[in-house]
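Below you'll find the structure, written out as structure tokens, and then a few comments.
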Ligand SMILES: CC(=O)N[C@H]1[C@@H](OP(=O)(O)OP(=O)(O)OC[C@H]2O[C@@H](n3ccc(=O)[nH]c3=O)[C@H](O)[C@@H]2O)O[C@H](CO)[C@@H](O)[C@@H]1O
Ligand SMILES: C=C(OP(=O)(O)O)C(=O)O
């Protein structure tokens, strides 16, 4: 078993560079399957466990995938005939595997994908994805834990209103519609920057997607798409996580490669807490020189406050004075980290879909377990501000979404290491 061991009490100072976005690269790599000619070259690909998983899914479908992690590049050739089935093995490991369904259905007229099921943060159904495929003429059926979509000939353009601006449904429908006959409108579409990145990628392949980033996306279907060169946008959640790391240690950190326009809600709320945030020539500078004050936050679809920053900001709020409330509206069960933060002496109460904090808590190092990807980051962040030593386990969650998280924090001055605990001794895995 591996653990991250962090000793609190060190201010973080310096510069850190963020990687390409996990939530942009996964739909783009799935969308690469739309190309029936040429090769797709995808750059600024972060070296994440989820990237290995999606690459395995693409290979299992018959695409040729060359991955050069040292160059942050993936080359995909999907020009030969592809299989139509995404198996349980991959979908159960990573829900975003469902994003191959749109491209496969559009290309093959048939797709069979393992039902993703729920996870630690909520039930996460895919009814909105399927509603879109159905509106485009597909017949949907379920059996043996799989969902199947089938169409005679090509998918047909349609007007699709999403009941909720689901990120995955918008991406899956947009990809499918790229090769459909006629024009598709997605109304109440998700507006996340990652949606815009996927739309840009489809257009670079020769597609016609208009309006991504607004709540109505128009997709004029084309007959074929061709491989292209695409650069993935920077990871706004990794950037936000380092913003919290700087603030929670009352440090002074410049985040290189962040796009502030992708993080307006987070920047606004952190400023409201008293964090100094300035756009400087070399990046986004985060500085704290006083005690922070608690605020109220509600997670919302973009451009609202991102649910993927909820747990990290909760850790920060525990160090602030006064009463603060965080309300989670996107996922119904994204509070598993609360119990772990309580074990670190966090003063938090759950009240329905909200948590109430009375701060500042006198955070104390403890043995804690990550319950999901962002919870892993939040517990490490809390450890940076705790008295004594925190040990965080279940690091496979962290590796899904952060590259060398502990090394980046150590380079900023954190006392942190990743150890293997095969025997009773802790063996340091990597040092700076
Ligand atoms: C790989 C990726 O990009 N993951 C992100 C994506 O996940 P994902 O695409 O799964 O998130 P969605 O926006 O689809 O889900 C948001 C909410 O809508 C519900 N829903 C979704 C689809 C559907 O068909 N029916 C339905 O009810 C979900 O259960 C959830 O409560 O957006 C989330 C919300 O910003 C982020 O937390 C994830 O990090
Ligand atoms: C919830 C997340 O990702 P996924 O949708 O891949 O589980 C996340 O990135 O925080």
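Cβ coordinates are placed from backbone N, Cα and C, and glycine is handled just like the others.
Automated prediction, rather than curation, is the source of TrEMBL annotations.
According to TrEMBL, the feature domain 'Enolpyruvate transferase' maps to 7-409. Mean pLDDT of the predicted structure over the domain 'Enolpyruvate transferase' (7-409): 97.
Residues or ranges marked as phosphoenolpyruvate binding site in TrEMBL: 22, 23. Within the same chain, the residues at least 6 positions away from residue 23 (phosphoenolpyruvate binding site) whose Cβ sits under 8 Å from its Cβ are 167, 192, 194, 235, 237, 308, listed in sequence order.
Per TrEMBL, the feature UDP-N-acetyl-alpha-D-glucosamine binding site maps to 95, 124, 125, 126, 127, 128, 308, 330. According to DSSP, residue 126 (UDP-N-acetyl-alpha-D-glucosamine binding site) sits in a coil region rather than a helix or strand.
According to TrEMBL, the feature active site, proton donor maps to 119. Taking the Cβ of residue 119 (active site, proton donor) as reference, residues of its chain lying under 8 Å away and at least six apart in sequence are, in sequence order, 95, 372.
TrEMBL lists 119 with the feature 2-(S-cysteinyl)pyruvic acid O-phosphothioketal. Taken residue by residue with DSSP, residue 119 (active site, proton donor) is part of a strand.
Cβ environment of residue 22 (phosphoenolpyruvate binding site): 46, 48, 50, 51, 235, 237, 238, 400, 401 lie under 8 Å away, each six or more residues apart in the same chain.
Note on residue 124 (UDP-N-acetyl-alpha-D-glucosamine binding site): other Cβ atoms within 10 Å of its Cβ, all shown chains, come to 16. The 6 Å Cβ screen around ligand 2 retains 308 from the binding-site residues 125, 127, 308, 330, ordered by sequence position. 126, 308 are the recorded positions among 22, 119, 126, 308 whose C-beta comes within less than 6 Å of an atom of ligand 1, given in sequence order.
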